[in-house]
Amino acid sequence: MRALLAIVALCTTIASSYPHYSDPKFLSKLQRRQIVGGSSGSDGSNNPPLIGDLKTTIISQSAKDIVSIFLSDPPPFAQPQNLNVGTKPVSDVSQCSPTDTCCPWYFVSEYLTSQFVGPDGLCNDLARAAIRLGFHDAGTWSQSLAANGQDFGGADGSFVLFGEDSRPENNGLQDVTQFTIDTWDMFPVGMADLIQYMAVHAVVTCPLGPRVRAYVGRIDATQQSPQHLLPDVHADADSLIALFEDKTISPHDLAALLGAHSTSKQFFVDTAKSGMPQDTTPGIWDVSFYNETLQQGGPDGVFKFPSDVVVSQHPLVNDEWVMFTANQTHWNEDFARAYLRLSLLGVNNINQLTECTHTLPPKQDTIP
């Protein structure tokens, strides 16, 4: 009873301070997330749980926006103010005011653009490695471990700060780890934030990629993340779905997140085929991956991860996977929301985060 009264009070506070939350349907939806911790609908995303400090407190504008993105359908990630590209307020990062949280990120963004775009205008190997790094840092968090007192890992920068590139599942990320350290030395930003910012910057650097919302203010790790929480490319679909559901990521969102393999290449799963991409257009953020993964055999020169194939065929995923094959906008919207969730796993100060999406480069709607 006491818990229920607390939730009612929380919802009342939100409704009075943020008009969007006065919608009775939305508040009812929020109550269900808070009380039962979320549940799965037909595609696993109809009732997603809240995460971090959002489970108990939703006060700041950033927190309210994030909750709105998580619970709304379609997601309002593409609101005009978040698609606008801002202008650097000063000419050098050393001139940034300490009170302007986003100012240094303009300079980080400018530098990353110079490093992530190849001479052909497509995203390059460093960009695709940055995307993978974002996944591997954030993915080391578990809802069940957190419930048992091990609420650490996730998007906390431990990957770089504690040398997790030496773990077998992170093989191939050594160069981007060093790049991240070097970039961190250049700018006054946190490591956890830098890793996730690099990932979303790389996504929008790729032609057709969405502008995923970028938040900063995470607390950097003080210890290594838990092990054995990242997916195995040889795992069966049920195991992979269970692994991600323990991260509060539904089968629907897993389908969207796996699309990041649209721009990936493998080097160590099969060393005889080192450098092979997972679709025919690895420099472009397109839906070729979804089509080609479903094909028998597949195009020459493409290496399919066994895990992608089995997940694409799973009944909890297949309908959504097929929808993505012919709808770039649908996939972009779903990926943007799913990756925002992933980038906040293990983050327990979401109410203190600042949105700096306006420092990202513009979306490229055409292919060079």
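Using the three backbone atoms N, Cα and C, a Cβ is placed for every residue, glycine included.
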One of Ser262, Ser307 listed by TrEMBL as binding Ca(2+) 2 at the site of Asp279, Thr281, Asp286: Ser262
Per TrEMBL, member of Asp137, Asp175, Asp182 binding Ca(2+) 1 alongside Asp156, Ser158: Asp137
Cysteine from Cys11, Cys206, Cys356 that TrEMBL links to Cys123 by a disulfide bond: Cys206
According to TrEMBL, the disulfide-paired cysteine of Cys356 among Cys96, Cys102: Cys102
Neighbours of Ser262, Asp279, Thr281, Asp286 excl. site residues, C-beta within 8 Å of centre, Ca(2+) 2: Thr263, Thr280, Pro282, Ile284, Trp285, Val287, Ser288, Phe289, Glu292
Densest Cβ neighbourhood among Asp279, Asp286 (binding-site residues), 10 Å radius: Asp279
Cα proximity to His136 (active site, proton acceptor), best match among binding-site residues Ser262, Thr281, Asp286: Ser262
Listed in sequence order, residues with CB under 8 A of Ser262 (Ca(2+) 2 binding site) and six or more positions away: Gln278, Asp279, Thr281, Pro282, Ile284, Trp285, Asp286, Val287, Ser288, Phe289, Tyr290
Around the Cβ of His136 (active site, proton acceptor), the count of other Cβ atoms that are within 10 Å: 21
